[in-house]
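Below you'll find the structure I mean.
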């Protein structure tokens, strides 16, 4: 499938300046300043003066990092170049999460595959410790040849997952019908590269080929426009936190979901024989 670049349509939704008293921006962030390596020893490396980070996985261990700061609402962008070649069995996770048994979490997970087969991007949203809201997509480009931008926009109304500024998923605030929404717990940014060959590729049928190790993923151009620590829901009229998708972005979202979605928990009647989750019963097409 040919890669198509759509960088302009969605960006206009997020250009309004953030309130200086409660917001912070990190443009082209420095990995030394913004993140800590949390595990993996020498398998996680920061170089190019803090502008590039790599995570590696070998048979002994994977590796990971997390942000120094916590955030509540905002837009997070990171460019990744995923594990090349036979990446079957590996998972590169990039997500936001709070801590504790009732944690909130917003997930991108990239499931490796055999050479020539497409990567799968696995998304999930946890609220108050409960997940089971998976949607999965094939990527419509080779994510190992070049860097691509993976973004989360999180505001009191919705969570938007984007790839190269194209929305692939929207999780709307459905508190009005009793569905918890992540809005009170600040989250850190995490990423890790690890072995998950018990489930990641074809349900665990394809195992990691350790003769191809080490497996390496690369990160650059971290950018955050977020609340740090605490933030109110009132951002002022016209602020980006209250924006909705425009018509072009809705078309792009429908295009992705029609052509590349391979799993949607909101249509899995076998998994939920007693009824789909409440948010799936709403008429919105963009859950």
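From the backbone N, Cα and C atoms, a Cβ is placed for every residue, glycine too.
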Report the candidate from 109, 279 that shares the xyloglucan site with 122, 123, 124, 132, 133, 134, 198, 199, 203, 271, as recorded in Swiss-Prot.
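According to Swiss-Prot, the candidate sharing the xyloglucan site with 122, 123, 124, 132, 133, 134, 198, 199, 203, 271 is 109.
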Tell me which of the binding-site residues 123, 134, 199 ends up closest to residue 280 (disulfide bond) in space, Cα to Cα.
134
Would you pick out, from the binding-site residues 123, 132, the residue whose Cβ has the largest number of other Cβ atoms within 10 Å?
123
If you draw a 10 Å sphere on the Cβ of residue 280 (disulfide bond), how many other Cβ atoms land inside?
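So the number of other Cβ atoms within 10 Å of residue 280 (disulfide bond) is 18.
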Rounded to a whole angstrom, what is the C-alpha distance between residue 132 (xyloglucan binding site) and residue 266 (disulfide bond)?
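The Cα atom of residue 132 (xyloglucan binding site) is 10 Å away from the Cα atom of residue 266 (disulfide bond).
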Taking 109, 122, 123, 124, 132, 133, 134, 198, 199, 203, 271 as the record's xyloglucan-binding set, what's the max Cα pairwise distance in Å, rounded to a whole number?
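That value is 21 Å for the farthest Cα pair.
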For residue 271 (xyloglucan binding site), list the number of other Cβ atoms lying within 10 Å of its Cβ atom.
11
